[in-house]
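What TrEMBL lists as domain 'Calpain catalytic' is 151-458. According to TrEMBL, the feature active site maps to Cys213, His380, Asn401. Feature annotation from TrEMBL assigns domain 'EF-hand' to 593-628.
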Amino acid sequence: MTDQSDKNKPAQHAITDDVYLYTTRNPGPPVSFTYEVECCKFNRLKFTMDFQGSQNFELEGGGLLIDKLVAPFKRTMVGKLLLQDTSKGANLKNTYSWSLEDPDPAAVEQVLSEDKRKIGNELSRAKKLNFGDDSATINEIEKRCKANKVKFLDPDFPPTDSSLYAKDKSNEPVHDGKPVTWRRPTEFMSGSFDVFQGGIEPNDIRQGSLADCWFLCALSSLAEFPQLVMNLFEEQSKESSEAGVYKLRLCKNGQWQTVTVDDFFPCFPGAGPSYSRGHGNELWVLLLEKAYSKLHGAYAQIKMGWAYEAMIDLTGAPYMTIRFEDEDVQKTIKNGELWRNLVHWDQEGFIMSASTPGEDVFTESGEKPEKNGVGLVAGHAYTMLAAKQTMAGIRLCQLRNPWGGFEWQGDWSDTSDLWTDEIKEELDVVLAEDDGTFWMCFNDLLKHFFSINVCMADSSNNNNINWTEKRRKICFTFGADGNISTPMYIFSNKTTSKAYMSLHQEDQRCENALPYLDIGVSVLQILPDYTYKLMGSSGNSAERQNQTDVTLPPGQFLVVPTTTGCKFSQGLLGGNEGDAPKLFTKQNELTVQGEKALNEVFKRLDADLDGVLNKQELNAFMQMTEGCAMQDEVFDWIMQTFDSFEGGLTADGFRQCYMYMWEASGRDEETIWRDLIYMGYDRHLRLLFARTCILAIHSEGDFELHPQPFDADAYEEAMELPIKAFGKCAEYADGKAKLYTRKAGYSGVSFAVENNSSEPLEFTLDCSESKNVMSHRGTLVAVQIIPPKETKVMHHLMPKNAFVAWSWSYKASMSWIDSEE
């Protein structure tokens with residue numbers, strides 16, 4: 001890896017919007033100045049630089065005039081000025097001029113056509129070389145490349161439109177009409193390049209035409225702590241690879257995953273990257289954006305999002321998102337708790353960001369972004385660098401725009417008269433205009449921003465928290481009787497400690513992902529009389545992840561993953577039945593839907609999250625589908641025959657083995673359908689009766705986690721107790737009946753009724769006037785008989801369509817039932 005000091009980085013000067021001149025002073029001998037120009041628009045740039053009047057300098061190649069045509073989205077060296085005689089004095093003068101020109105349409109089309117032809121040939125060779133093995137190490141791939149005199153090309157995420165764009169119902173990529181090709185760094189970078197050059201800095205990140213500011217903001221925040229960025233790259237991938245193969249680790253869907261990528265990147269024809277790019281000739285930003293896109297299925301899948309979700313994926317750490325409009329947050333603002341927390345989180349070294357309201361319409365259109373009148377960009381994520389209070393009580397926040405520039409222009413901005421030398425010295429502040437970093441007071445932050453996101457990663461030496469982390473795969477199963485079952489866990493600790501417990505499901509933005517279940521997690525203490533005391537609960541919400549934090553004394557506690565069954569009971573996908581999907585293409589290969597189903601089965605079987613199936617896990621599949629146990633000799637043969645790694649079958653190996661067994665048994669497609677139905681699928685490949693999630697636990701102290709069989713009574717308590725403990729209470733009949741309403745997250749609300757009388761109660765809760773909601777009961781009108789001194793859940797509601805606004809309302813009625821009747 002190249003090791004350069006920061007002072008050797010070129011000085012950047014903005015010639016105009018999205019056009020930059022870079023000047024690098026080389027100490028020599030001889031002393032020289034290298035000039036580079038980058039046009040970050042889809043235009044050619046005609047650039048002239050005149051050094052007439054300079055003394056004792058001359059351009060490399062002679063003369064004092066530079067006249068160059070610079071390709072779009074490519075950093076191009078335009079000239080090098082050399083000191084002629086070190087014994088004489090020197091004087092340097094220069095002027096420059098520029099003009100933008102449209103790219104040549106014919107030339108663009110020719111480049112696109114030629115690149116597509118070359119990439120098509122490379123892709124054909126790559127498929128024959130079987131680069132896609134999950135277990136292949138970088139050394140193995142590089143050795144295979146060298147033997148075949150090729151560079152690595154990832155057939156699972158190929159440099160084609162399928163990796164760029166979202167897919168239609170026919171699984172065909174929907175092109176956005178913009179000219180994009182794929183190029184390797186050797187084709188768009190001048191000189192040598194590396195994964196990292198000159199250290200890792202937030203300013204290294206440059207956003208392109210992909211609307212993934214939320215991801216790049218998270219990455220920019222992470223870059224404040226360079227080691228956290230380095231941790232995302234396997235050791236061999238921290239230096240450039242001649243074969244163009246890199247392995248990264250990201251925590252997607254609650255599970256750490258290794259992602260293999262090649263070094264083809266989306267580029268403008270004949271030019272540089274069209275999406276993100278780094279500073280100079282470094283690849284780390286490009287590689288992370290590509291790996292993240294691969295996990296989601298395409299670059300288009302990572303448009304628009306929340307910075308805190310990307311931060312979870314980059315760190316795997318506990319998180320908080322604080323929306324200022326929330327009623328509970330408003331209370332913490334008024335009593336000062338939120339500010340005290342911000343200062344504490346800053347001192348702990350936690351990673352924070354803040355988001356402005358509105359929509360980012362700039363990134364893809366290329367038009368100048370709309371500001372809100374004070375320099376901030378709408379629908380944008382900013383890194384929060386500091387929260388400090390002066391001795392005079394002034395509360396100030398420091399933020400950074402990942403774009404650089406577009407800064408806050410109000411009180412306490414870079415040019416504000418409020419800054420005195422005394423305050424600058426007290427806070428150790430150095431102000432620099434238009435570098436993307438700025439200060440503002442806390443009240444202005446609350447006024448102009450929508451939310452703050454906090455990632456509690458172990459990020460610096462100042463951080464006193466060293467998380468103990470454990471992750472387990474759980475599976476919700478919906479039985480024929482309509483009941484939910486799931487594994488539970490005993491959490492055992494010897495010292496009082498705070499723990500964050502979260503449940504993660506597949507990100508809905510991932511290609512072909514199923515709609516969210518409403519998920520949650522509750523923590524119960526088992527009392528001596530075998531009843532339960534609630535210690536903490538997230539409630540159930542239809543979100544990517546749901547989390548609760550709880551401080552637990554020494555002891556044993558039951559951790560219960562929960563879902564209400566709304567989506568299970570009414571079908572996960574909905575829509576028209578249509579024709580059953582085909583499992584095979586005309587070439588007798590598995591279709592995308594069929595392969596996805598087998599991949600999901602593999603992931604569900606991999607209970608220990610090690611990425612392979614051991615004998616015990618394969619045996620569970622055999623018992624379910626064949627009704628017999630796996631013999632040792634059969635397992636040994638499978639390990640020797642199919643793709644395996646460290647004593648287990650990889651995802652590729654599982655598909656290979658399954659298809660081999662299917663062919664050996666007569667190629668009857670009904671055999672596959674039988675197995676898929678056993679695993680919870682229907683004939684339309686909808687996963688109706690099972691769903692895999694990841695339970696992640698981070699604790700400040702050591703703990704043990706032991707699996708427990710499903711307990712229906714504990715599950716019922718885990719659903720009911722939180723509604724009573726955290727819900728709002730409405731009393732009926734002088735308190736003899738109480739209706740509890742608990743809103744969980746932003747996509748769930750639950751109702752429970754408590755009967756405090758000595759007579760049975762018939763309670764009706766009518767939510768039929770709610771908008772865009774569904775109930776776990778399958779109907780929005782619930783009628784329940786509630787015995788004396790008992791509590792029953794009436795409704796769990798969640799949005800029916802996650803992309804449409806939802807609201808809930810209810811009408812309640814009740815009557816007592818004469819116990820003598």
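Note: Cβ is positioned from N, Cα and C throughout, glycine not excepted.
In this structure, His380 (active site) belongs to neither helix nor strand by DSSP; it is coil.
Residue counts for the domain 'EF-hand' (593-628) under DSSP (helix as H, G, I; strand as E, B; rest coil) come to 24 helix, 1 strand, 11 coil. Other C-beta atoms found within 10 angstroms of the C-beta of Cys213 (active site) number 28, with every protein chain shown included.
Over all protein chains present, the Cβ of His380 (active site) has 26 other Cβ atoms lying within 10 Å. For Asn401 (active site), the number of other Cβ atoms no farther than 10 Å from its own Cβ, over all displayed protein chains, is 24. DSSP assigns Asn401 (active site) to coil in the three-state reduction, outside any helix or strand. Looking at Asn401 (active site) and His380 (active site), their Cα atoms lie 9 Å from each other.
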